[in-house]
Amino acid sequence: MSVNRCIYLLSRSHIRYRVCASTNLSTVSTLSTTQHSTRRTFDKLSTRHSSSGSSRPLDTSLFIPLPVKTDEDAEGSVGAELTKPLDKNELLKVLNRFYKRKEMQKLASDQGLDARLFHQAFVSFRKYVLEMNSLNADLHIILNDICCGAGHIDDIFPYFMRHAKQIFPMLDCIDDLRKISDLRVPANWYPEARAIQRKIVFHAGPTNSGKTYHAIKRYLEAKSGVYCGPLKLLAHEIYEKSNAAGVPCDLVTGEERIFVDPEGKPSGHIASTIEMCSVTTPYEVAVIDEIQMIKDPARGWAWTRALLGLCAEEIHVCGEAAAVDFITELMFTTGEEVEVHNYKRLTPFSISNHAVESLDNLKPGDCIVCFSKNDIYSISRQIEIRGLECAVIYGSLPPGTKLAQAKKFNDPDDPCKILVATDAIGMGLNLSIRRIIFNSLVKHSLNEKGEKEVDTISTSQALQIAGRAGRFSSVFKEGEVTTMHRDDLPVLKEILGKPVDPIATAGLHPTAEQIEMFAYHLPQATLSNLIDIFVSLSQVDGLYFVCNIDDFKFLADMIQHIPLNLRSRYVFCTAPINKKQPFVCTSFLKFARQFSRDEPLTFNWVCRQVNWPLSPPKNIKDLVHLEAVHDVLDLYLWLSYRFMDMFPDSNQIREIQKELDENIQIGVRNITRLIRAIDSQPTDTESNSSSTVPESETSQRKGRVLRSQNQRKELPRKSSLSSRLLRDGLLTKELLSQLQKEWAREQNEDNSIPVNNGKRKKK
């Protein structure tokens, strides 16, 4: 929507920013405050619009020159017959003089050739002229005249530009490409939503404040509705809750479709993952959960699409209060007002004044939060040594396994009273946690160059995790938050004491239609190159950013050599796979290759690829492999809903996936036994760590950074399972040494053969 439209809307007296009260709701703004807030929002909006009109400089390094089509034919020798053969040495001098002329460079710049493109075009043109046996008659005659002193060197320019446009076809259509990649008004992409006046209701509050409860209550009351959540687990929860309440509801995720009606007739209510929601189906009520993820660098585009595009009379968004101002600002561009409901936490949580410091101090209802699998393995093992049972939850586990572990932890009759988890517990699972214990406050990540970085968790992340302590519907009405290490506690208090950074922009992503239009103009470009050029040419409003497309490009480059049509290639590249898993990537490549042969990917074919049937895991590496196989089966199911004819056996795949999930659950239930089974043979590794948790986070942090940098340099020479686990990053040297020491002690106590721990040889 244009700024003029905003001015018109603001001039209408009924436009206002309303803050309504609800059960446990907070403040109500006065009229003067509302007008001031509206005026401030409009000032910011006008500034963003005025600053977004100019396009960014074109990154010409993305333009890859195409090979020149030679047009030698019977007419090729006409030029030589009319004049005389060209002297190559003289011709080279003429071409070099042409290249050095500032006037030609300026003229080429006006035609879209910057210094980089001008140089590349000239090198190609010079090679073409010097190596062709016979040139076109007109070019041959012009060059001959210049060599003889009868022509001007500038006469070469039209032929040079003709050649430049052959190797850089985008020069002829750059204006069209800019129009296609203009992302400044994404609201206009959804005409169905713009055709109605929608009511936007923002339910703002922290974790466990009841904000989603009130939105879902309205969803269940409506004649039709759609729930859009960030996780399959959340979509499943709403699907089950809705049907249990007597409201027929279908489930739609990337890998699954469940229709309540036995004949497959769609229900009035749908629970879906955010990427799968329909922006053309009309609804009475739509719920968008975790709206703060609109700023997510990779998935933010899905929340933007849902917020701008859902065709519903009421849009209920749930999320952090830090997103209220931005969502209000964004909705001004569509002429829709925002009604804000502020919620307070139903059960309080407090920050402890003491760190746990030792696993001996654990109590029932404790959840230790780690940010790496290695820490989960280590702590799980140490908890078992103390005679306690623990549940384990981390991101790469299948949803069924996560639910089983959550159920085990929540069951008051189960002896398992401790949970060890990653930040995967931040959303999607209902857990009866009394105390959240941060094992660390730093998280490892990869930057754009693929290098490991260590960052302290943000206030938003810390609050999301800490908010899981104490729950209104659980036995623990009050929650507590602390750290494992004493040095971390003041840092945690500082993090939780800071205000959450307000959201500034929303994510966008190029659509398949936009990429197809690009490909029409640039038929020889690869998909990865098309995406790069699109992002380079794209223009966005100050309210938006283009999401990270590195994963998309990674998959595009992986299957570039496989012959696929553009639409199929695009769909394959949007598949949600973990590129860090080699087995998953290899399977993805096999899927694409089989698809390109127009051969259906049958159940038997898939079983051969994954070596089905698979046994329960005997060690950690087996467990990791089973998780990867589960991801491959998920990939098959995801593709089966996009290419039904080519992936025909989804029901059979789903059956073996359930069996695989059970095997993974067996492995997770016995995770400490799998750790003990890592290697029964001693290795030349120095035993220098104890079974107690180190007190100093500073030394721990330094040690982890050094391990990540030097891990490959210090691998044991022995080609054992332990060395392979170390090489794959599934196990640290310190953890291996510690485990070997513990196994030796246990075997000595049982009067078994002792394990001799050797010392690492000094270099």
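Note: Cβ is positioned from N, Cα and C throughout, glycine not excepted.
Marked as ATP binding site by Swiss-Prot on the basis of sequence analysis: GLY205, PRO206, THR207, ASN208, SER209, GLY210, LYS211, THR212. What Swiss-Prot records for 680-697 is compositional bias 'Polar residues'. The domain 'Helicase ATP-binding' annotation in Swiss-Prot covers 192-332, and the record cites sequence analysis as its basis. The domain 'Helicase C-terminal' annotation in Swiss-Prot covers 354-519. Under the heading region 'Disordered', Swiss-Prot lists 39-58, 679-721, 742-763. Sequence annotations record features per position, and here Swiss-Prot assigns transit peptide to 1-65 based on sequence analysis.
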- Note on the structure: Within 8 Å of the Cβ centroid of GLY205, PRO206, THR207, ASN208, SER209, GLY210, LYS211, THR212, the other same-chain residues by Cβ around the recorded ATP site are CYS318, TYR343, ARG345, LEU346, GLY467
- Task: Could you tell me which three-state DSSP class GLY205 (ATP binding site) falls into?
- Result: coil
- Message: Can you check which residue among the binding-site residues GLY205, PRO206, GLY210 has the largest number of Cβ atoms within 10 Å of its own?
- Response: GLY205
- Measure from the Cβ of SER209 (ATP binding site) and count the other Cβ atoms within 10 Å, all protein chains considered. 22
- the domain 'Helicase ATP-binding' (192-332) - residue tally per DSSP class, helix then strand then coil: 57 helix, 36 strand, 48 coil
- Task: Tally every other Cβ atom lying within 10 Å of the Cβ atom of LYS211 (ATP binding site).
- Result: 26
- Mean of the pLDDT scores, which run from 0 to 100, over the domain 'Helicase ATP-binding' (192-332): 93
